[in-house]
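As given in TrEMBL:
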- B:24-132: domain 'PurM-like N-terminal' (DOMAIN)
- B:26, B:41, B:71: Mg(2+) 4 binding site (BINDING)
- B:26, B:71, B:207: Mg(2+) 3 binding site (BINDING)
- B:42, B:43, B:118: Mg(2+) 1 binding site (BINDING)
- B:43, B:71: Mg(2+) 2 binding site (BINDING)
- B:50, B:258, B:315: substrate binding site (BINDING)
- B:117, B:118, B:142, B:209: ATP binding site (BINDING)
- B:148-295: domain 'PurM-like C-terminal' (DOMAIN)
- B:210: Mg(2+) 5 binding site (BINDING)
């Protein structure tokens, strides 16, 4: 019977496209293109903390890579290589095969070579490191937001959180809505092309993994500024249409994580360009607020015009 | 009370030396030097599989980085950056502080910037990704060994395995010997300077992590060749001096892992240069055998001149 090592080798060995030496030596070898800066990130996904142990392994394979790809999208960088380290309890051929299928579906979708990795026995844990390129000086960090900048969000944030609420039995969604929300949760679509198009346009950016307000707080902290979010401008319609009441829709949108949409700031002079880009890439875009110069102050402006501060409700794994 | 996240931030935030953007954004940014190729590797260390849960956290911090640095040493590459992803059960200030102390002691010793990472809650798991540079085309892989090449090993392999045997109560070493062996086990010294000096000299190389014979097997497989190892030439004296009998010394040297010495092949024309290099770097070097052209055949030649094949006794985490 083949060992897990054999199974990993069989399912995870694929031809590399732009890697001089991939899986099988002490290190992988590759050469970033001249004039580029390397953008690198690592994310560890742990069974029981980030996903249920019985999660569909193909979806898990996709998501494991996708959340890392999303980190590069949030820098405006182009993903190029990845390493996968995994710790596995006893696992069977079908499970590892499905994991690999999902992983490579995402790798192929975003032009990523699996350049190497590590396999060991232990509690289920998947750790991807991703490497991308961006022209020197073009990366979009969290630290560049200025007073008066608009605040924008891509797509329909909150669908993943609504899917999770459905899984937890807090709400029962209609089958087609459940499918769409669970797809957002299990197969997030990193906004790589959109992120690249924002080079020279966005002043600060990150991807929403822990909740919109909490992640906006990271921009405020890094940029030493504040923000007013206009609740009227929030893209709540997709959540309402999927069956969430007003309160749940708002909670999912503002505090839910796992959507991997891009949250960014840009000068008001970029509005037309951004609306055009949204149309061109067929990706909805919502202008949800404005950057202020009051450090770390996050205000919500309600429909009646009243304003109130809000804590940064990011999801804390240790809370 | 500070959360584990706060503790990690406090203890693991240090100034970076050659990283444009380190910890705190979606990705780290750095620029490999022109003319270099990137060598990258990842290793996952899991409590219960790779170390005892009650291991001294400072030693664990050192080793977590050191085993990755060693992977680059084994390519002849220069370590430059690392990412650390860790999954932690509840942990206290003293434990995390000691882990960081050990990690940065190793980082400082080898000129490595901690460029970023990830922290989450879960079973104890440490995953480092290391990035190094090597002039384009100079990396030493496992695949370049040729018939007639000498086989060399640095240092005193087997001391770590002897330390482990002592920990397991299979042998009781004298206190000073135990200290030396446990030091080899807990604080391996990656052979970075020696590895770099072997560019253009060694034909194939790896670091011994899973046992000398098993790892030699990897060179044979990648280079499509065989080997004769001369048991008379093995550096058994340090193990005998530490208290191991002949049988245990041989087992520790040939099948023990975790030493992170360099095992390499080189043409016989390099003997004088290698002896000089060993003296210059004050690192013992043993010429223990010869590469043959019989694919995958690993022969041991005993003191009486007899030869016999041996299985590749690498340590298999799933065995």
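If you go along the chain as it appears here, the first residue is 1 and each next one adds 1.
Using the three backbone atoms N, Cα and C, a Cβ is placed for every residue, glycine included.
This view paints the features noted in TrEMBL onto the structure.
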residue: B:41; record: Mg(2+) 4 binding site; Cβ contacts under 8 Å, 6 or more apart: B:68, B:71, B:72, B:129, B:130
residue: B:42; record: Mg(2+) 1 binding site; Cβ contacts under 8 Å, 6 or more apart: B:68, B:127, B:128, B:129, B:130
residue: B:43; record: Mg(2+) 1 binding site; Cβ contacts under 8 Å, 6 or more apart: B:64, B:67, B:68, B:71, B:127, B:128
residue: B:50; record: substrate binding site; Cβ contacts under 8 Å, 6 or more apart: none
residue: B:117; record: ATP binding site; Cβ contacts under 8 Å, 6 or more apart: B:12, B:23, B:83, B:84, B:85, B:86
residue: B:142; record: ATP binding site; Cβ contacts under 8 Å, 6 or more apart: B:204, B:205, B:206, B:218, B:219, B:221, B:222, B:223
residue: B:207; record: Mg(2+) 3 binding site; Cβ contacts under 8 Å, 6 or more apart: B:70, B:71, B:73, B:74, B:190, B:191, B:215, B:260, B:261, B:262, B:263
residue: B:209; record: ATP binding site; Cβ contacts under 8 Å, 6 or more apart: B:67, B:70, B:215, B:257, B:258, B:259, B:260
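Under 8 angstroms separates the C-beta of B:26, B:41, B:42 from a C-beta of chain A, among the binding-site residues B:26, B:41, B:42, B:209, B:210, B:258. If you draw a 10 Å sphere around the CB of residue B:210 (Mg(2+) 5 binding site), it holds 21 other CB atoms from the protein chains shown. Residues in the domain 'PurM-like N-terminal' (B:24-132) partition by DSSP class (helix H, G, I; strand E, B; coil) as 35 helix, 44 strand, 30 coil.
Within the same chain, the residues at least 6 positions away from residue B:118 (Mg(2+) 1 binding site) whose Cβ sits under 8 Å from its Cβ are B:83, B:85, B:86, listed in sequence order. Cα of residue B:26 (Mg(2+) 4 binding site) to Cα of residue B:210 (Mg(2+) 5 binding site): a distance of 35 Å.
Under the three-state DSSP scheme, residue B:142 (ATP binding site) falls in the coil class. Other Cβ atoms within 10 Å of the Cβ of residue B:26 (Mg(2+) 4 binding site), summed over all protein chains shown, number 27. Annotation for the binding-site residues B:71, B:258: lowest Cβ count within 10 Å of the residue's own Cβ, B:258. Secondary structure by DSSP for the domain 'PurM-like C-terminal' (B:148-295): 70 helix, 27 strand, 51 coil.
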